[in-house]
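A.B. asks: Here it is, the structure, as structure tokens.
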């Protein structure tokens, strides 16, 4: 059978075309193949050994390999001379040594990458996801450490009354102790000053209650009370005629306060739903007397005609004051938020609340409170104190 024609580079088209080589370059393998003989030489040498490569005996190894791609599968085996067999055996030995040798010399870059990867993985805790540990999204150990450092302050939710502050004892338990008056913030203006019932001006309510706490257990401390807001000044005595007018203005003021809260309660939660329903009736009543500086005669006549409008405002104000504790009685301290701002404007405030305490026990009960504002006994209802 005639041998196949030698490979003609001029008749090859496309990506298979290669430029002619010199005699020296044809016997030299590319550098990237020479570095890895196990990947290139062994398959082709095995083909030569089995007689699967067809082509002329002359030419280079590269030409013989190319002819292999161009010849049919059923090629007659070539007789390989003994010299060639020796060379094949020698090359197979070299290939075997290349396969058996460590890959550090052949692949230095890849080996370094693998070693670095192994070193990084070895630092990751057993069973942890390296991505999670690197990102830190699920680092439970760090969260636990922060929780241990930032411990909850026992004084955070411990309430102390005015004039006292929370401190921790030897057992790390919260307790209330008297505040040092010098630790109170400096007053900003005259409006922060307060006057006590012994006619002494304090820089602020903080200074007053801190001082009162230091006198706790003494007779002077028991009698000391906050009288009104603002520096001490002359308060004229309340006449009997003026005392009868005070509840008229007070009732009208309480009604107007509730109506104003109802009008501004959109999303502010100033009133509960039950309170809104009751104030809504007052707000929509056409007979309601609008807020203003009215004469005493008009206030008295409106109270007689629209008596039902005033029942709930009186009960509501009692519930607003009865907070510490909620027991159905108003102490001097619970009355302070209402009476302290009123005294500089209404000089009959102190005498009015004193007359409300009918049994002189220094506490004003609901029936005593309602009676002071002219509410009839049959209309006094504890359920209205919402």
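Keep in mind that glycine also has a Cβ here, set from the backbone N, Cα and C atoms.
Copying in the features that TrEMBL gives for the protein in this structure:
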type     : residues : note
REGION   : 1-27     : region 'Disordered'
DISULFID : 155-166  : disulfide bond
DISULFID : 160-176  : disulfide bond
DOMAIN   : 177-234  : domain 'Kazal-like'
DISULFID : 178-213  : disulfide bond
DISULFID : 184-206  : disulfide bond
DISULFID : 195-232  : disulfide bond
DISULFID : 238-348  : disulfide bond
DISULFID : 356-372  : disulfide bond
A.B. asks: Near residue 206 (disulfide bond), how many other Cβ atoms are within 10 Å of its Cβ?
C.D. replies: 19
A.B. asks: Compare the C-alpha of residue 160 (disulfide bond) with the C-alpha of each of the disulfide-bonded residues 184, 195, 232, 356, and give the closest one.
C.D. replies: 184
A.B. asks: Using DSSP, tally how many residues of the domain 'Kazal-like' (177-234) sit in helix, strand and coil.
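C.D. replies: Final tally across the stretch: 21 helix, 11 strand, 26 coil.
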A.B. asks: Where residue 195 (disulfide bond) and residue 176 (disulfide bond) are concerned, what is their Cα separation in Å, rounded?
C.D. replies: 25
A.B. asks: Of all the disulfide-bonded residues given, namely 166, 178, 232, 238, 356, which is spatially nearest to residue 206 (disulfide bond) at the Cα level?
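C.D. replies: Spatially nearest to residue 206 (disulfide bond) by Cα position is 178.
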A.B. asks: Do you know the mean pLDDT across the domain 'Kazal-like' (177-234)?
C.D. replies: 92
A.B. asks: Measure the Cβ-based neighbour count of residue 238 (disulfide bond), defined as the other Cβ atoms within 10 Å of its Cβ.
C.D. replies: 18
A.B. asks: Compute the C-alpha separation of residue 184 (disulfide bond) from residue 178 (disulfide bond), stating it in Å without decimals.
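C.D. replies: With the alpha carbons as reference points, the distance is 12 Å.
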A.B. asks: May I ask which of the disulfide-bonded residues 166, 213, 232, 348 is closest to residue 372 (disulfide bond) if we compare their C-alpha atoms?
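C.D. replies: Comparing Cα positions, the candidate nearest residue 372 (disulfide bond) turns out to be 348.
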A.B. asks: In terms of Cα spacing, which of the disulfide-bonded residues 155, 166, 232, 238, 348, 356 are within 10 angstroms of residue 178 (disulfide bond)?
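C.D. replies: Those near residue 178 (disulfide bond) - Cα within 10 Å - are 166, in sequence order.
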A.B. asks: Here's one to test understanding: among the disulfide-bonded residues 213, 348, 356, whose C-alpha is closest in space to the C-alpha of residue 166 (disulfide bond)?
C.D. replies: 213
